Amino acid sequence: MAFCTSLVIIDFASPHANHPNSTVQLAVTFSGTILVLIMLVLICFERIFQKFTVPVTLFVWLILLTGTYVYVGFSDARNCMDDVPVIYYIIIVTYTMLPLSQRWAICLGTATGLSQICIAWGFAQRFRDYLEYQLLANSVIFLCANMVGMYHKYLTEIAHRRTFLDTRNCIEARIKLEHEREQQEKLLLSVIPAHLAVEMKNEMIRKIRTSTVDHNRSCKRASSTRFHDLYVKGHINVSILFSDIVNFTPLASECTAAQLVKVLNELFGRFDKLAQENDCMRIKILGDCYYCVSGLPISRPNHANNCVKMGLKMIEAIRQVREATGVNVDMRIGIHTGNVLCGVLGLRKWQYDVWSDDVTLANHMEQGGVPGRVHISKYTLLHLSTEFGVEPGHGHERDEFIRERDVETYLIIPPTNAESQMTSPTTGHGIEATMRASTRMSKFLDSWGADKPFANLIEFSMAKNIGETSLAMMEGNMNPLSCSGDPRRWFRSEDMNAFLLTFQRNQLELDYNRQADGSFKYYVTCTAAIFVCMGVVQFLLLPRYEALYIGYGVGLVLFIILLCGTVAESLGDQKLRSRVPPFLLKISALVTVSVWVRLLMTAAILSTLMTLAVVTVSDCRSDLHTNVFNITGEPGSTHCDFAPYYIFTAMMALTACTVFLQVNFILKFLFMFLGIVIYSIVLHYSKADVFDMYDLHRLLGEEPHISTRVKSTIYLIVLCITLHISDRQMEHTSRLDFLWKTKFKVEHEEVETMGSLTKVLLENILPAHVATHFLNSDKRTLSLYHESYSSVCVMFASIPNFKEFYHQNDVNKNGLECLRLLNEIIADFDMLLSKPKFSYVEKIKTIGSTYMAACGLQPGKDENKINGELDGGTTQVLKKIPSVVDQTKFKHSVTAMVDFAMNMMVSLDGINRDSFNSFQLRIGINHGPAIAGVIGAQKPQYDIWGDTVNVASRMDSFGEMGKIHVPEHTAEVLMASGYRCEYRGEIKIKGKDVPMRTYFLATS
């Protein structure tokens, strides 16, 4: 467009504008300008252009080529040099500016050069005696243009593709980041309410990001930190509901692992829905005990009503189960109102919990309650509306704790007839009476359709996120960003200066300029090829005197040195590389990493080429009084009959500037501008008579209507502008690519941080192998997680005298400082789990000041450990004797748990010394079969069930402080392993018909 406009202006300004040929030329250039302008308007409609890119581009190329030949065809004294600069320009534009594939660009570029050679051969009017020299020189010029064009096309396509991929990676990283953040929100909120989640999440991110800090610094920081972080808040006017499923233990003993987990998930899933409907928040599930609160985290004036309604709905739900299945189960519910401290304790397996004397009383309200009734304290009654009828509860008759505190209790009168709540068990229709109770229960609860744990988390999978919900987002972001040639983006960027394309942030600009350039060897190679082409052209047609030989001799030496210095490091063959002098390898490496060395080389190369383009013009004779009719054009003649070839080589030298793709486009423009200034001085001042002599010789003494000097200046300026636009486009692409890489690097680090956080969060809810199960699952294959174990060792470790330490008064901030110390104790216990020897121990949960853990829950780990301790032959024998393998498993699980329990005692002794307390652990341990699983859709919770768990809990509650209490079969395993146990006697254990023989482990 600029080229056509320039020719129109020149034709109007020419003193021979009325010449018939000039009129035709003006008409051609004007028509071409109009057509190109129309195409430019059409290109603005992106949808049309994208649909017809190749046809539109071919039409533009055809306009340029046809217009050139028509324009030149009507020029004075046609010769084969007239259209060379225009054809050279069209070839360069075909590769650098037109949106064509490399194959199309090569075809059109080659066709453009060949068409000029053919037309010149047939229609040249002057200098035909040496036509073959001119055609050969023209061929070299067009070969150079095609070579530079292919080089530029190839590298810019790589740059565009790299930018596209970096853009895609960055957007994908953003999507992953959002995905990870959403997962974290769901994971964290599944354990902790929102009012604590943000604080804990920020603290976890800080710890993950600083995890790579020097170990010594970490140790110093840790030693200077007195307490672990405590995430506990106080709330007043909260109602607490405790519930327990009556007669569930006998039912659970009949269930398989799958049935038990399904029954619990369906029951507690229904309770979670009821809690949502009644503005309650579930706190925790303890076996078959479910407790929740109302008034947290948002204070609610009707909190007591909410809990009572929740309790009545739970009783109604369990009544439906009882009537439909004939299984004699019921609910015992207790409610109390007061103040609580709520939050999480410890470093692992966080579970949101509540603590206070009022929570303890609420628990005893359930224990002293009546099956099928809601048992409330007088404090709850004071906050209850009159819509509920009450009757005396006599809780003091059923629970000693209530009697000691002289708490008045009441029973809620159900809204419906009480007798309907107390109906005797009958099997409902559609359920066969001959089925086992567990089967009937499981079948009925299937109809409730409770969500599975983590179903909402897994549904939002990465595949769905990228594949479906974010495709439009990716397209919308990638298209405008990857197409760096869109001029509209050049002048509106938050990260780059609109005109200079420098980054707004100085550090980013510095990093961009300092980046290594492994492609510099290709730049030098390409400019060396341009150097050769220029030399061939000048040796064919221009004066061959000392200046030419000396200039190209120096240039040859320079390029050989530069090629060796840049290519040496990239030699792949080791033998060939070993023959290269070490200093060349160092220079080559320095060129790659040092921007200043590259700029120095670039300046040397461009200065050499621009000088060589006109080095021999001083050898040309410029006697304007010579009779032009006596001059015979001869290659190498001092008359410089082929003077335009100076301009052609100058154009080749200017084109060499664009070869250096990573050099700043402003610097390249300054080099080209300086070159044009020098060439203009040569054209219009120092050697103007040489080009005027050429015009007189070409037109046999007539004055041309547009002189060669003027046209040459226009060619150089238009080429400079075009190359500058191309360089700017390439600079924009390069900087955009760097920007996306930088952003991708930052966001990739964030994704890794978020990924680590997600893993930590999930493993803080579940054991590692269970977390892996859910992370690798999808919604189609998602099922309730459950596992049945034959050899699990369970431990309950409580601090009975912590109740004496815990007081709610102003001095300890209503118990907050007491919980701070309990947090330190639990955190120290959690830190023991990070030791390799306790990697088999899994923390299950904490219940008040009781710490529950189990050993043997990691499938495959215990077998590998056992097999590693035995030789191959023994292992093969033991595989054939299952009872021996089971005994070995029991032994390993029990001894590991006992070692952990003893370390807990040592850790607590250390805390006692530091805090001047006398806390003691009371520990109960039991081993045997157990069932593990994950229940609860809204707040998934990993737990274990079975008689082994119940007996371990009883070993704790019936034990003594400072001792480890175990049943007889566990004591036998310990004594066989070298431990000493003292017989305690027979003890009546709740849930057991026969007294159990128990032992104390000699911990000394």
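Cβ from N, Cα, C; glycine included.
According to TrEMBL, the protein has these features:
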type	residues	note
TRANSMEM	23-45	transmembrane segment
TRANSMEM	52-72	transmembrane segment
TRANSMEM	84-100	transmembrane segment
TRANSMEM	105-123	transmembrane segment
TRANSMEM	135-152	transmembrane segment
DOMAIN	239-366	domain 'Guanylate cyclase'
BINDING	244-249, 286-288, ARG332, LYS845, 943-945, 950-954, LYS990	ATP binding site
BINDING	ASP244, ASP288	Mg(2+) 1 binding site
BINDING	ASP244, ILE245, ASP288	Mg(2+) 2 binding site
TRANSMEM	522-541	transmembrane segment
TRANSMEM	547-571	transmembrane segment
TRANSMEM	583-606	transmembrane segment
TRANSMEM	643-662	transmembrane segment
TRANSMEM	669-686	transmembrane segment
DOMAIN	793-956	domain 'Guanylate cyclase'
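All features noted in TrEMBL, drawn onto the structure.
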residue: ASP244; record: ATP binding site; Cβ contacts under 8 Å, 6 or more apart: ASP288, CYS289, TYR290, MET331, ARG332, GLU366, GLN367
residue: ILE245; record: Mg(2+) 2 binding site; Cβ contacts under 8 Å, 6 or more apart: LEU267, ASP288, CYS289, ILE318, VAL329, ASP330, MET331
residue: ASN247; record: ATP binding site; Cβ contacts under 8 Å, 6 or more apart: ASN328, VAL329, ASP330
residue: LEU286; record: ATP binding site; Cβ contacts under 8 Å, 6 or more apart: ILE847
residue: ILE944; record: ATP binding site; Cβ contacts under 8 Å, 6 or more apart: VAL792, VAL794, ILE844, ALA854, LEU857, ALA930, ILE931, ALA932
residue: VAL951; record: ATP binding site; Cβ contacts under 8 Å, 6 or more apart: ASN926, GLY928, PRO967, ILE989, LYS992, MET996
residue: ARG954; record: ATP binding site; Cβ contacts under 8 Å, 6 or more apart: GLY924, ILE989, LYS990, GLY991
Inset, instruction - Determine whether the transmembrane segment (52-72) and the transmembrane segment (547-571) share at least three Cβ pairs under 8 Å, counting only pairs 6 or more apart in sequence. - result: no
Legend entry - Touch test for the transmembrane segment (84-100) and the transmembrane segment (669-686), at least 3 Cβ pairs under 8 Å: no
Inset, instruction - Starting from the Cβ centroid of ASP244, ILE245, ASP288, which together make up the recorded Mg(2+) 2 site, report each further residue of the same chain whose Cβ lies within 8 Å of that point, ordered by sequence. - result: SER243, VAL246, PHE248, GLY287, CYS289, TYR290, MET331, ARG332
Legend entry - Folded-back contacts onto the transmembrane segment (643-662), same chain, C-beta under 8 angstroms, at least six residues removed: 81, 84-85, 88-89, 92, 96, 137, 141, 144-145, 148, 151-152, 155-156, 159, 517, 519-520, 523, 526-527, 530, 533-534, 537-538, 541-542, 598, 602, 605-606, 609-610, 612-614, 617, 620, 668, 671-672, 675-676, 679, 682-683, 690-691, 693-694, 708, 712, 715-716, 719-720, 723, 726-727, 730, 734
Legend entry - Within the domain 'Guanylate cyclase' (239-366), residues counted as helix, strand or coil by DSSP: 61 helix, 38 strand, 29 coil
Legend entry - Cβ-Cβ neighbours of ARG332 (ATP binding site) (radius 10 Å): 23
Inset, instruction - Would you kindly list the residues that approach the transmembrane segment (105-123) from elsewhere in its chain, counting only those six or more residues past its ends and only Cβ-Cβ distances under 8 Å? - result: 58, 61, 65, 69, 73, 78-80, 83-84, 87, 90-91, 94-95, 98, 131, 134-135, 138-139, 142-143, 145-146, 149-150, 153
Legend entry - Intrachain neighbours beyond the transmembrane segment (547-571), with Cβ under 8 angstroms and 6 or more residues off its ends: 518, 520-521, 524-525, 527-528, 531, 535, 538-539, 577, 580, 584-585, 587-589, 591-592, 601, 604-605, 608-609, 611-612, 615-616, 618-619
Legend entry - ILE944 (ATP binding site): secondary structure state under DSSP, collapsed to three categories: strand
Legend entry - Cβ neighbour count (within 10 Å, all chains shown) around ASP288 (Mg(2+) 1 binding site): 20
Legend entry - Mean predicted confidence [pLDDT] for the domain 'Guanylate cyclase' (793-956): 81
